[in-house]
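Colleague: Sharing the features that Swiss-Prot gives for it:
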- 3-193: domain 'RNase H type-2' (DOMAIN)
- ASP9, GLU10, ASP101: divalent metal cation binding site (BINDING)
Amino acid sequence: MHILTAGVDEAGRGPLVGSVFAAAVILPETFDLPGLTDSKKLSEKKRDALAEMIKEQAVAWHVAASTPEEIASLNILHATMLAMKRAVYGLAARPEKIFIDGNRIPEHLGIPAEAVVKGDSKIIEISAASVLAKTARDAEMYALAQRRPQYGFDKHKGYGTKQHLEALKQYGVLPEHRRDFAPVRNLLAQQALF
């Protein structure tokens, strides 16, 4: 009998703006999707195509997030763990085992879980979760870019690039920015002095 195994991964821990996303995916026993690997190794076009195929073929999948406010109140690590728990609890089927990318497991999952370092390159369920989390995170950045094109979110995806830091200085901090992240926090402190 096939054991329902979920893979879990996150996207968006490092950026200065937006939510941190996590996805949980349960795949069928015979699942095979050529080219599926760690989302960071895939082009955006390939990720988007794979995401659609994963959603169509998965036994269950769920994407969840923790907001910038939750990141500020919990810290990025705990907010990531919360997003992972939400992703697991949002699955339409209950997995019997969970593999989580990285070296930490959210507390009180209630399901046997194992952390796998570089799991997004080793375990297909984690690879699938990696793709879904990354495409959801990118979608949030594209939506923000539509509302605030001057920041260039569609290009740098919220990371602390030169373009993003210059836009922060020129246009200011948005409600979506992570106020507890050093570049944003430092800019707010400088502005408070003047």
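The backbone N, Cα and C atoms fix where each Cβ goes, glycine too.
Keep in mind that this is a model prediction, so the values were computed, not measured.
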Colleague: Give the sequence-ordered set of same-chain residues, not counting ASP9, GLU10, ASP101, with Cβ within 8 Å of the centre of the Cβ atoms defining the divalent metal cation site.
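Modeller: Neighbours found: VAL8, ALA11, ALA22, ALA23, MET84, ILE100, GLY102, GLY119, ASP120, ILE126, ALA129, SER130, ALA133.
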Colleague: Just name the winner among ASP9, GLU10, ASP101 (the binding-site residues) by count of other CB atoms within 10 A of its CB.
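Modeller: For the binding-site residues ASP9, GLU10, ASP101, the Cβ with the most other Cβ atoms within 10 Å is ASP9.
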